[in-house]
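Over in TrEMBL, the protein carries these features:
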| type | residues | note |
| --- | --- | --- |
| REGION | A:35-63 | region 'Disordered' |
| COMPBIAS | A:50-59 | compositional bias 'Low complexity' |
| BINDING | A:R92, A:G118, A:D141, A:F197 | S-adenosyl-L-methionine binding site |
| BINDING | A:E198, A:E201, A:H202 | Mg(2+) binding site |
Amino acid sequence: MANPMISRLTALPSGLRVFALRRFSPSILTSTFAPNSQHLAGRRHHGTESSSPNAASSSVNQTEVSHFNTLASEWWDPHGSSRLLHLMNPLRHDFIRQCLRQDASHDPSKKIRYMDIGCGGGIFAESAARLSNTASVTGIDPTPQVFAVAKRHQRTDPYLLEKNPETGEPRLKYLNTSIEGLVDHPKETNFDIISLFEVIEHIQRPSPFLQACLQHLKPGGWLIGSTMARTNTSWFTTKFVAEEVLKMVPRGTHDWNQYIQPEELRSWARTQPDLAASSGTGWHVMGVVYVPGLGWREINGSETWGNYFFAMQKRI
Amino acid sequence: MASPMLLKRLLVLPPALRRSFWSSPSRNQQALPEIYDVVCVGGGPAGLSFVSALKVHPATRHLKIALIDSQQLKAARGQDETLFSNRCSSLTPSSVRFLRNIGAWNHIDESRTAPYHVMDVWDGVSGSKIHFNPADDQSFGIADALAMLVPGNRFSGGRKPYTTDASGEIIATMCENTNLTTALLERLRGGDAAKLTTMDSTKVDSIELGPTPESEEALDLSLWPVVTTSQGQIAARLLVGADGANSPVRQFADIPSPGWDYNQHGVVATLDVDQSFSQHDLRTAYQRFLPTGPIALLPLPNKKASLVWSNTVQNASKLKQLAPDAFVAMVNAAFRLLPADIDYMLEHTDPSQLVSEVSWRISNTTASETGMPSTLPQAIGVQNNTAASFPLKMRHASTYTGHRVALVGDAAHTMHPLAGQGLNLGLADAEALAKKIVYGVEHGMDIGSCWCLDGYNSERWAANNAMLGVVDKLQKLYGVSSGPVVWGRTLGLEIVNRLGPLKGALMGAAAGSR
Ligand SMILES: Cc1cc2nc3c(=O)[nH]c(=O)nc-3n(C[C@H](O)[C@H](O)[C@H](O)COP(=O)(O)OP(=O)(O)OC[C@H]3O[C@@H](n4cnc5c(N)ncnc54)[C@H](O)[C@@H]3O)c2cc1C
């Protein structure tokens, strides 16, 4: 039972809790990317370039995949290890709405097509598919067990099994594939929103990975995600407390060196010809903190030390 | 309470679910039930206001809702301005605000309602009293008035003059339950009733979990409640129990509802009184605590008043059998005589002698002995067939939510009527649950899931529990007729300390109640 864990967890200061968010959604990770020299600037300055010398052939960390499998069944347990993710989910929608509201090119009457990369058990994908202004959602995850969890849970909601009467497309579909595998699904492109929640910290070479995501976005579409800053606090909470002290998640779940600072992400985005990240409206970041008793709250400035959302818009 | 958290966890899946794993694979072949977003069992004040709240909000208007009640849901408001129902409730300002927000208050026949501005409450044994007027302090509510009964609290002085800016000064508005439910029904019919299926005169026969799916790919309703009525089967994404104290929905979800019976009955009646209140009078509600239970006289329009008299079961049945003039005499006696005299009259006086006996004793009892307020009207008649009684009990469900289940109103809690809060808490539940559902829909939640419902439970359970505790303690405190508790009531000795936490709870509940 995770219950004693939760109560121990809630006794900890908020900063320590963010770790429970570290899903082990490695997703995407079985790719066979060609090596790409365009690494995120400065992201290795804490060491461990050594972690994966043969990463040239994959953006995925296989060890992470196996950790994830052991936890796949926990996705939908209200008191399981995904609890904080469920609690954070509404904020994801608030953040997306905020980005679209400030986007002059966005037509609110048009229904949105989403792709959720590293969809895991479907927490975000299901919720996006239920929104009244959604045309369709495609969730992809390369881990077969996770894909199975998502599919099974989808069956418990008749609405999610329906086709959208306006487009004839299924409201929600899952594909058991990495992003590279999408070449086999030529229709899965031109999305309005591609989401990457709690994913990039598990990616060994984020730059080619993010570029691959952008290819599936329509011009003017948004790449939206969340992750956690790389700080002493995050090392302490996710590596030391979560893995060593509470043993709540298996050791090795997180590679702290893969955490990315928001500024690093933005610098990278500015170098991308596809992105409109230099202007204020094409780039957004929002720091969020779990406040005991209140839940997740937006806290200005917390993006540099806690969890944060980011959004980057593809050029029109 | 031991641990609502723990219970909540246990109840995330109703234990009924476990049963389903052992039973009835034979249902597989059946056609799937029709699917609804919300199935609300119970069209009383709580259920109707909950459904109305969903129907007026843009985010939830489109939800496919079924409303089921075993009774006929029709306009039942009285038309005759000289006749009033014996089931009246005092609506707090926050209840009225909610009813306004959902567009139901416009449909209330206000000529049949009576706001009151002052409460006179006194202790039948010691005579100590409080005169409560919210103009003294804008942040006060009924519960504060009662809090003042707790010794050590301040003793308020003279009556404040009535001011025309009365909106903030209304303690509560007396309203017949039928006036309220009729308004809610009219609101529902007048509004965009699309996607609302009303199944009235339809009893819920059973509630079970859905069939196990036929294949690995098929829709899986095995954790969905399926409601069977004479009209067929319907499945509920969210099943709302607004089905009163014996809630079948609560039983389906196997949610325990512990509590106790007071061994009292509430005698209600519609009375004629000797003074009328004009539009601009300051109306007063009166309540006297007697060892056998509190008696309250609440104003209605046109020289009418609503009686709620909590009494022992035997006394209640005696009262109901009295002839109208003897009944009226006893009501006057209960407000005016010493408790021992009242008991004596009920137990030993020949009913035919009651009227003369009461008037003789009243003339020989001074108001200074009993603490009776000088403005107290005299009952002069009782409306035919309105004397009735209800058993009084206290129950509180250990949680208001389970997987695809939520409870509102009396299904979740039943309390002693001495604070006139039962229906108000139910309306507050309806408002809070509808709000969570709006948030859930706006954020893509499955509205039957704990992610959507947990907040409702934590918000309302604690608030209601505080109120239930206060009302229960007052009932017990004032049910004592002699000894230290009474001295304490009067003098504020010792008991003040013991009731410290109680006072705190009262204030908290009051803040929420307005
Ligand atoms: C003497 C007395 C005085 C009171 N005074 C006050 C007061 O002054 N102020 C106040 O706020 N409250 C007062 N109350 C409390 C108030 O009356 C109740 O709290 C209120 O009526 C509860 O509303 P509800 O909608 O939750 O339940 P109910 O009004 O009990 O409605 C439940 C509905 O569910 C339906 N139902 C039940 N079972 C089934 C089934 N199997 N199938 C289909 N339908 C079903 C019933 O037909 C009913 O319509 C008083 C109560 C009493 C007894």
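Glycine is no exception: its Cβ is also placed from the backbone N, Cα and C atoms.
Unlike curated records, TrEMBL annotations are generated automatically.
A coil conformation is recorded for A:D141 (S-adenosyl-L-methionine binding site) in the three-state DSSP classification, outside any helix or strand. Note: the CA-CA distance between A:E198 (Mg(2+) binding site) and A:D141 (S-adenosyl-L-methionine binding site) rounds to 13 Å. Its Cβ taken as reference, A:E201 (Mg(2+) binding site) is surrounded by 25 other Cβ atoms within 10 Å in the chains shown.
Mapped onto three states, the DSSP output places A:F197 (S-adenosyl-L-methionine binding site) in strand. Residues A:R92, A:G118, A:D141, A:F197, recorded as contacting S-adenosyl-L-methionine, have a largest CA-CA distance of 19 Å.
In this structure the C-alpha atoms belonging to A:D141 (S-adenosyl-L-methionine binding site) and A:H202 (Mg(2+) binding site) are separated by 13 Å. With every protein chain in view, the residue among the binding-site residues A:D141, A:E198 whose Cβ has the most Cβ partners within 10 Å turns out to be A:D141. Counting other C-beta atoms within 10 Å of each candidate's C-beta, the binding-site residues A:R92, A:H202 are led by A:H202. A:G118 (S-adenosyl-L-methionine binding site) falls outside any helix or strand according to DSSP and counts as coil. A helical conformation is recorded for A:R92 (S-adenosyl-L-methionine binding site) in the three-state DSSP classification. Between the CA atoms of A:H202 (Mg(2+) binding site) and A:R92 (S-adenosyl-L-methionine binding site) there is a gap of 19 Å, rounded to the nearest whole number. Taking all protein chains in view, 29 other C-beta atoms sit within 10 angstroms of the C-beta of A:G118 (S-adenosyl-L-methionine binding site). Note: the Cα of A:G118 (S-adenosyl-L-methionine binding site) and the Cα of A:E201 (Mg(2+) binding site) are spaced 12 Å from each other.
Here the Cα atom of A:R92 (S-adenosyl-L-methionine binding site) is found 17 Å from that of A:E201 (Mg(2+) binding site). If you draw a 10 Å sphere around the CB of A:F197 (S-adenosyl-L-methionine binding site), it holds 25 other CB atoms from the protein chains shown.
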